[in-house]
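Under the heading ATP binding site, TrEMBL lists A:118, A:158, A:163-169, A:193-196, A:201, A:224, A:281-282. The domain 'ATP-grasp' feature in TrEMBL is assigned to A:122-311.
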């Protein structure tokens with residue numbers, strides 16, 4: 001088992017063998033769960049993040065605390081690892097470029113550029129015939145007015161960049177609200193998205209390997225609370241043709257991006273009779289909160305799957321052995337750890353964060369059920 | 001979530017809340033898997049071991065490289081953690097005593113003293129009515145001769161202390177071989193154990209919490225190769241009354257030892273008609289190789305169960321969601337990682353050890369099967 005860094009990175013397509021080291025940008029819970037998954041495969045991790053509190057660093061062989069624009073620290077970091085990946089999609093392009101001169105960065109620049117900008121993302125999807133909500137670019141008052149005229153209301157104005165968990169969004173119920181909505185997001189470049197009367201939100205966690213093979217977990221249903229994911233039901237209650245369509249859409253996206261790694265694809269399911277029934281809402285070029293259930297309900301978790309992909313290993317089998325309901329522990333929810341830990345059939349995951357601020361993701365729990373027995377009353 | 005060390009250790013029965021730190025003696029694969037399990041619960045670890053190569057240190061927040069008799073380093077280590085546990089049973093009594101002055105040590109001194117000495121262990125079991133193979137103490141040529149006369153041959157001479165994986169053992173086929181056998185184990189204090197014509201080797205992974213509650217996983221069947229565990233079949237094919245008896249024996253042992261943590265209890269299953277059918281072979285006061293399958297076939301692994309126990313958390317549900325066959329990767333076996341990783345339904349675990357020496361445990365794989373479908377041809 002070679003543990004050498006040098007022979008591997010000389011070829012950007014090389015496989016990272018056991019003993020190799022993975023660099024992870026970001027020190028939060030996703031990096032932490034990636035690091036423990038890597039450890040199970042005999043790999044070690046080096047965490048790079050600017051924050052003093054970095055839950056991922058507690059389970060990593062090395063950690064660098066530096067800014068994402070510190071070119072020297074980035075180069076040293078990338079030189080010390082066999083491959084670089086990340087736990088968040090807003091990695092600056094310049095950061096990725098510097099890292100890429102020293103080690104392969106997976107997923108690559110195209111995935112980052114596409115996922116960081118809602119307009120680029122939507123145009124990418126449309127250009128490949130993947131249905132989305134109707135959208136129009138908004139850069140100023142004139143294009144705002146044109147967009148409202150074309151898309152109609154109700155509609156949602158979303159900043160092109162750096163939006164997440166409902167941040168950087170404003171609803172426009174009627175044309176008269178457009179001006180104020182644009183002000184509320186600071187007149188940033190945005191897209192106006194037509195309101196879609198969806199029935200449910202579903203998502204697919206898909207992976208693509210270095211060899212181009214893809215593997216998609218079963219579609220799941222997501223329920224949000226205050227714009228933050230609250231619960232994921234695995235699997236989503238879907239006719240098998242629709243489930244197959246959702247998986248195929250996700251696979252098409254990673255194929256078209258020549259993607260390497262795990263991606264979360266969020267979708268809207270429209271009511272029966274609509275055509276198409278499935279629209280893509282957005283993609284996350286990383287492991288995704290709606291895939292946490294895979295840790296407990298599958299032999300191969302999304303975290304291990306991502307590590308396998310970015311290291312050039314064969315993808316794992318995404319089969320479920322159990323049904324599952326994942327519930328996020330937000331803020332004070334985590335204070336119930338003791339009673340949750342005592343609940344039979346429940347797996348508890350805590351992220352090692354010191355302070356339970358409101359809205360902060362502190363952990364999650366997964367309730368397991370035998371295959372095919374997800375209780376209907378658990379849904380919604 | 002208090003992360004404080006001081007308020008917790010002032011009371012040796014205190015519960016270690018998320019944010020707390022666990023000290024682990026030993027830096028091998030068991031410590032490594034304990035550390036990643038602790039991380040999932042929001043706890044961090046400090047590894048203490050003398051070896052430069054310590055796979056566990058790569059997934060721990062802190063590591064101390066020092067000898068097990070370095071009183072000063074031990075005290076500093078124990079002062080920095082909320083509880084101390086260990087991955088190997090041969091922790092010197094003096095080491096445990098020093099640590100115990102600074103932090104609770106779990107499992108406790110009684111478990112260590114019992115498991116470290118085959119004579120103490122066998123007498124402990126016998127005194128609680130738990131069947132074992134017949135045995136007699138051997139300290140010199142005279143007691144050897146008396147033991148052979150009482151136990152008969154064939155029999156096995158085993159050093160009282162520090163034996164594992166078949167080391168420190170010598171078979172005595174007939175009385176004439178006794179003298180040479182005693183020489184081959186260096187005339188160390190030993191026990192002579194009567195040969196037991198067992199049908200199969202089984203084991204039970206049992207846990208006992210700080211609250212005295214116990215939880216036992218289903219008994220499994222173990223197959224050895226060259227005196228090292230080769231495969232574990234979960235569950236063992238056993239009538240349910242026998243499986244219940246095996247679990248009850250394991251629970252009685254941890255109860256009688258006032259034990260806290262996970263214990264591996266190795267047993268011999270005698271052929272139908274024998275009474276009793278189950279003898280206890282030996283106990284390991286730690287997580288155990290024959291429990292590795294729990295990582296993939298149960299919601300709560302033996303590693304998480306041990307962390308829960310030593311931290312005073314409620315024990316997890318030991319229920320299986322799948323049947324499983326665990327196979328150790330010894331030495332060069334691990335070179336097949338790439339084809340193993342590509343096998344559907346297989347979970348691969350590698351320990352991050354640099355050198356694949358013959359006989360060295362490098363990893364393991366678990367093949368999963370739906371409940372009740374363990375293929376009969378997989379057994380033995």
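All positions are counted from 1 along the displayed chain.
Just so you know, glycine gets a Cβ as well, placed from its N, Cα and C.
Automated prediction, rather than curation, is the source of TrEMBL annotations.
Sequence features annotated in TrEMBL and their locations in the structure.
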residue : record           : CB count, 10 Å
A:118   : ATP binding site : 21
A:167   : ATP binding site : 11
A:193   : ATP binding site : 22
A:196   : ATP binding site : 16
A:281   : ATP binding site : 19
For the domain 'ATP-grasp' (A:122-311), mean pLDDT (0 to 100): 95
